Amino acid sequence: MGGNSGQAGGHIYKSLADHGPFDSVEPPKRPTSRLIMHSMAMFGREFCYAVEAAYVTPVLLSVGLPNSLYSIVWFLSPILGFLLQPVVGSASDHCRSRWGRRRPYILTLGVMMLVGMALYLNGDTVVAALIANPRKKLVWAISITMIGVILFDFAADFIDGPIKAYLFDVCSHQDKEKGLHYHALFTGFGGALGYLSGAIDWAHLELGRLLGTEFQVMFFFSALVLTLCLIVHLCSISEAPLTDVAKGIPPQQTPQDPPLSSDGMYEYGSIEKVKNGYVNPELAMQGAKNKNHAEQTCREMTLKSLLRALVSMPPHYRYLCISHLIGWTAFLSNMLFFTDFMGQIVYGGDPYSAHNSTEFLIYERGVEVGCWGLCINSVSSSLYSYFQKFLVSCIGLKGLYFTGYLLFGLGTGFIGLFPNVYSTLVLCSLFGVMSSTLYTVPFNLITEYHREEEKERQQAPGGDPDNSMRGKGMDCATLTCMVQLAQILVGGGLGFLVNTAGSVVVVVITASAMALIGCCFVALFVRYVD
């Protein structure tokens with residue numbers, strides 16, 4: 001990346017006059033402690049995700065949700081996310097809050113996660129205490145639980161984009177890679193702690209008796225962990241407000257309007273960002289426009305224009321998004337149904353039996369053991385994330401990407417064909433390889449693409465700005481959109497497959513097939529920067 005990060009402790013940077021119109025300035029080096037603090041949001045998010053993965057299927061089934069409505073839960077949230085996430089990612093590029101551009105969105109989405117958890121983990125208990133009519137109680141319990149799951153899933157999926165964009169805004173290229181590894185490391189730790197908490201039989205412990213049920217215990221821990229982690233994350237690295245940068249730029253340095261397509265719509269990635277603690281000339285020149293023009297720009301960023309921009313993205317970005325979609329489809333197919341698979345297939349329980357029946361108790365035991373399997377997955381994800389920085393020097397990003405998909409495909413295939421308790425728990429360690437891969441490699445490739453484009457700008461400063469200026473917020477949002485699209489495919493397709501096959505074993509077989517297809521795709525189509 002071009003520019004000068006300044007002298008140590010002095011924060012002295014080159015003036016705008018010393019740079020070409022499209023050069024960028026390297027952010028200062030961030031202390032390891034700040035990068036760890038920044039990663040705590042991923043710890044809290046994954047802890048809550050682990051609780052959802054372990055409990056959402058048992059919760060929905062326990063409140064009496066019919067099979068015909070099960071897919072709706074996984075449809076609504078990802079559809080909203082897929083349509084709105086690029087809009088939010090692009091809007092955050094223009095956020096003029098005094099607190100920064102990413103942190104207001106992260107805080108809002110964190111509060112939405114808390115509300116969603118409160119509804120789906122406590123809704124049944126609250127409804128039971130307020131409504132006596134059994135029929136009304138069933139309807140309200142199902143409705144509130146579904147709303148809670150949809151709201152939580154929506155916010156938890158959305159929050160990943162602003163967190164990644166926040167990291168990319170305020171860190172140098174080396175710190176971005178380091179920060180992504182810390183993100184993956186703490187993602188694994190958070191998931192492991194969440195699954196470990198779900199594997200404990202809280203009903204027979206004092207805390208479980210005090211709070212009522214294990215669902216209330218998990219809400220207490222989830223809310224506490226997420227709140228503390230968000231506070232640490234939001235205080236980790238300060239952002240330079242967009243308005244402050246704009247005020248510090250003389251009028252004569254204002255450039256032409258941001259690049260537009262022939263029909264006046266924004267091209268993909270035409271929005272660049274402010275960097276923390278230094279002046280980014282691209283953003284500074286854009287921010288120097290008057291307030292009325294900025295408001296007009298935001299009004300022009302319609303959903304239609306953004307969808308057109310996504311269609312016109314460069315081929316290597318498109319292939320990366322497709323590979324991410326394949327990977328998340330495989331991963332979610334397995335993870336969202338894994339505890340149910342353990343309860344029904346491995347242990348032979350029945351979630352639709354009476355809650356005091358032997359079959360239902362066996363099913364609950366399978367769910368608890370499934371939580372231990374997911375805990376193994378998270379621990380292996382953290383360990384693999386730590387060793388990735390050594391592996392990447394040997395096999396490169398292409399090798400890491402291919403290995404993650406291959407091991408996951410083989411592991412889930414063996415689990416589906418040979419559903420044994422001990423072999424399943426051992427093979428859960430391969431899930432962590434896939435998890436770490438999905439959280440790091442695609443975003444590392446995004447940073448490599450941006451770095452390559454910045455080098456091209458330095459070599460050809462008079463080049464076409466429409467091809468050089470890229471919005472990292474939009475790029476991250478586009479990539480994380482694939483998670484929502486994967487959920488849509490999983491929610492719509494797997495429900496049909498399970499009903500057709502009459503068994504949830506088809507879920508892990510489908511996950512294996514998708515991962516093996518992904519192996520071929522990442523090897524043949526994804527572009528890797530030398």
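Any Cβ shown, glycine's included, is placed from N, Cα and C.
Automatic prediction, not curation, is the source of TrEMBL annotations.
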| When TrEMBL marks a stretch as transmembrane segment, which of 39-58, 399-418 is it? | 399-418
| note | Ranges in play 180-197, 306-323, 378-395, with TrEMBL marking transmembrane segment at 180-197
| task | Determine whether the transmembrane segment (180-197) and the transmembrane segment (424-447) share at least three Cβ pairs under 8 Å, counting only pairs 6 or more apart in sequence. | result | yes
| request: Sort out for me which stretch, of 217-237, 399-418, 424-447, has the most Cβ pairs below 8 angstroms to the transmembrane segment (325-347). | output: 424-447
| task | Sort out the residues at least 6 away from either end of the transmembrane segment (217-237), same chain, that have Cβ-Cβ distances under 8 Å to it, and list them. | result | 30, 34-35, 37-41, 43-45, 47-48, 51, 55, 103, 106-107, 110, 113-114, 117-118, 121-122, 163, 166, 170-171, 190, 193-194, 197-198, 202, 207-208, 211, 276
| query | Hey, which bits of the same chain come close to the transmembrane segment (424-447), Cβ under 8 Å, at least six residues off its ends? | reply | 164, 168, 173, 176-177, 180-181, 183-184, 187-188, 191, 320, 323-324, 327-328, 330-331, 334-335, 342, 346, 369, 372-374, 376-385, 388, 397, 400-401, 403-405, 407-408, 410-412, 414-415, 472, 475-476, 479, 515, 526, 528-529
| the transmembrane segment (104-132): which same-chain residues, six or more beyond its ends, come within Cβ distance under 8 Å? | 41, 45, 48, 51-52, 55-56, 59, 62-63, 88, 92, 95, 97, 140-141, 144-156, 158-159, 162-163, 166, 212-213, 215-216, 218-219, 222-223, 226-227, 230, 233-234
| Surrounding residues of the transmembrane segment (476-498) on its own chain - C-beta under 8 Å, 6+ positions past either end | 67, 70-75, 77-82, 85-86, 88-90, 153, 157-158, 160-162, 164-165, 168, 310, 313, 317, 320-322, 324-325, 328-329, 331-333, 336-337, 442-443, 446, 504, 506-507, 510
